[in-house]
């Protein structure tokens, strides 16, 4: 420990004097308008100061002031993708619904920066533009994604759809409408976030959409009919079960071209080595698990809370309150479940060559032991 005597701002000192900081202030004195504090510089305080100073340097550090070896590599995500924490931080930045409010001009500026870095930018500004780019453009094709097909649209769109599903789950017209809306939205998201540039004709896409939405809505209605005489709480959970089944139908059908023709596999530097159908099955299974896990928190928690709230007369007598409450609760939970479940599996995943098809093993084995692929989202 190091003892120190510090002259501090009177307002800051007053805050410390009433308990704003308990780690360093030993005594607080005020003489003729000046505030004095007797400070113990503990290891914790020194750590806090180092973190503060380091964060300030990072926020104001210009790209051009860094040696070439330490400049940000914006061809990759900011945080390591081989850890859950790194993936979570990445999706927290790119799947943030606030990204939807960026103008076309801002998104276009982010695209230009992706190709040529302005050295007058700070490191933080560069990463901010990188996250805007990642939220709006497909990682493989580099094409701008439709607005509601982006992962940043998951929270507002699913919040509205789920609010409708959970409010109208007992009325057939509302049930059909909201399940159709949900599966149409899911079909667009699944197609937008597919792996690579999968080629499919417009007629093939229409058939996949009709099969996906038709199968999913039929499954939802069938489940609803099977449990209509069950406990009311079980009835409230039907939308989640229906969505889980629907996702298991919708995702493979909307990405059926990948199951038929395969997904590109490449070296770590991105050089394409071949196409694998086995990898497509793995990728689509991982995406399906992530989507079901993403729906679980808000589709299970919200009905349970609403079921017990319905026992309160003031709540049960106001249907509009129920709709607003469930929609808002879904949005709050989705804000966390979306990045957390997107991060369950790396988007740029890897697989050992000896687990691929025999023909690929023969052609790739001499070049590398591990290949990489984009599983989609």
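Heads up, the Cβ atoms here are built off N, Cα and C, so glycines get one too.
Curation plays no part in TrEMBL annotations; they are all automatic predictions.
Looking at 164-189, 320-345, the range annotated in TrEMBL as transmembrane segment turns out to be 320-345. If one looks beyond the transmembrane segment (237-254) by at least 6 residues along the same chain, the residues whose Cβ comes under 8 Å of a Cβ in the stretch are 162, 165-166, 169, 179, 182-183, 186-187, 190-191, 194, 208-209, 211-213, 215-217, 219-220, 223-224, 227, 284, 287-288, 291-292, 295-296, 299-300, 303.
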